[in-house]
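Engineer: Straight out of Swiss-Prot:
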type	residues	note
BINDING	Lys21, Asp162, Asn193	substrate binding site
BINDING	Thr63, Glu85, Gly87, Val88, Ser93, Asp111, Ala140, Asp164	S-adenosyl-L-methionine binding site
BINDING	Asp162, Asp188, Asn189	divalent metal cation binding site
Amino acid sequence: MATAGEESQTQAGRHQEVGHKSLLQSDALYQHILETSVYPREPEPMKELREITAKHPWNIMTTSADEGQFLNMLLKLINAKNTMEIGVFTGYSLLATALALPDDGKILAMDINRENYELGLPVIQKAGVADKIDFREGPALPILDQLIEDGKQGSFDFIFVDADKDNYLNYHKRLIELVKVGGLIGYDNTLWNGSVVAPPDAPLRKYVRYYRDFVLELNKALAADPRIEICMLPVGDGITLCRRIS
């Protein structure tokens, strides 16, 4: 039988690997949050899409339910209308956003895999918010460059990024121009399941260690960027909110 210390080490190790969306060191506490605050108030379309996504072999890529709830409320609080999402997967966070926007709200959504998006599209359509979404398949950087060339600077109220971590800084260089002064950019996975503080010899998977270096670089750059105010939150896998101030 494992000792209390061994069980603690096992749980700590699990939280250093991508595969557990909560950064809380207690699974029971996270379950309490979901069962008392998140699931009872989760819109039916989001519940349906979450359950569909859970069957996907890469379901860990989805936004967690508590983070979806957070994004939905945040968008309402800032009265967002024109938004952008880089990295869609099956569309759980996209649906959370679409449900929060007014009837004339818009989301420019980008992902390299349309097939995953189409898995959730029937739910989005049934929820009556598909007309708010302009989905574009392919790499985001060329689209962002075109937006800047077309003079769309300062036209977005909120931008959510949950995509390739090795391009986060490249995204930021462009998004800081596209978000309005007073608008928000949200970068997901900025605590990378706790691996950002794992010791150098921690037994991390190769891709976890690889992307961790980019996440650490991003966190350092955001903290030093005078054009934004930042707030890093331990929601989901860590989300850093950046409010453009200049």
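Glycine is no exception: its Cβ is also placed from the backbone N, Cα and C atoms.
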Engineer: Tell me the Cα distance separating Asn193 (substrate binding site) from Asp111 (S-adenosyl-L-methionine binding site), rounded to the nearest angstrom.
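Structural biologist: It is 22 Å, counting Cα to Cα.
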Engineer: Should any of the binding-site residues Glu85, Val88, Ser93, Ala140, Asp162 have a Cα within 10 Å of the Cα of Asp188 (divalent metal cation binding site), which are they?
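Structural biologist: Hits: Asp162.
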Engineer: According to DSSP, does Asp164 (S-adenosyl-L-methionine binding site) fall in a helix, a strand, or coil?
Structural biologist: coil
Engineer: Given the recorded divalent metal cation site (Asp162, Asp188, Asn189), which additional residues of the same chain have their Cβ within 8 Å of the Cβ centre, ordered by sequence?
Structural biologist: Thr63, Gly87, Val161, Ala163, Tyr187, Thr190, Gly236, Asp237, Ile239
Engineer: Can you count the other CB atoms that lie within 10 A of the CB of Val88 (S-adenosyl-L-methionine binding site)?
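Structural biologist: For Val88 (S-adenosyl-L-methionine binding site), the 10 Å Cβ neighbour count is 26.
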Engineer: Have a look around Asp164 (S-adenosyl-L-methionine binding site) and count the other CB atoms within 10 A of its CB, chains all included.
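Structural biologist: If we count other Cβ atoms within 10 Å of Asp164 (S-adenosyl-L-methionine binding site), we arrive at 17.
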Engineer: How many Å lie between the Cα of Asp164 (S-adenosyl-L-methionine binding site) and the Cα of Asn189 (divalent metal cation binding site)?
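Structural biologist: Just about 10 Å between their Cα atoms.
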Engineer: Using Gly87 (S-adenosyl-L-methionine binding site) as the reference point, find which of the binding-site residues Asp162, Asn189, Asn193 has the shortest Cα-to-Cα distance to it.
Structural biologist: Asp162
Engineer: About how far apart, in whole Å, are the alpha carbons (Cα) of Thr63 (S-adenosyl-L-methionine binding site) and Asn189 (divalent metal cation binding site)?
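Structural biologist: Between the Cα atoms of Thr63 (S-adenosyl-L-methionine binding site) and Asn189 (divalent metal cation binding site), the distance comes to 10 Å.
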Engineer: Do me a favour and check the Cα-Cα span between Asp162 (substrate binding site) and Glu85 (S-adenosyl-L-methionine binding site); whole Å is fine.
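Structural biologist: Checking the Cα atoms of Asp162 (substrate binding site) and Glu85 (S-adenosyl-L-methionine binding site) gives a distance of 8 Å.
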Engineer: Please report the Cα separation of Asn189 (divalent metal cation binding site) and Ser93 (S-adenosyl-L-methionine binding site) in Å, rounded to an integer.
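Structural biologist: Cα-Cα, rounded: 14 Å.
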Engineer: Return only the integer: C-alpha distance in Å from Asn193 (substrate binding site) to Glu85 (S-adenosyl-L-methionine binding site).
Structural biologist: 21
Engineer: Report the member of Thr63, Ser93, Asn189, Asn193 (the binding-site residues) whose C-beta atom has the most other C-beta atoms within 10 angstroms.
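Structural biologist: That would be Thr63, with the most Cβ atoms nearby.
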Engineer: Taking only same-chain residues 6+ apart in sequence, whose CB is under 8 Å from that of Ala140 (S-adenosyl-L-methionine binding site), what do you get?
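Structural biologist: Ala140 (S-adenosyl-L-methionine binding site) has long-range Cβ partners Ile86, Met110, Ala163, Asn167, Tyr171.
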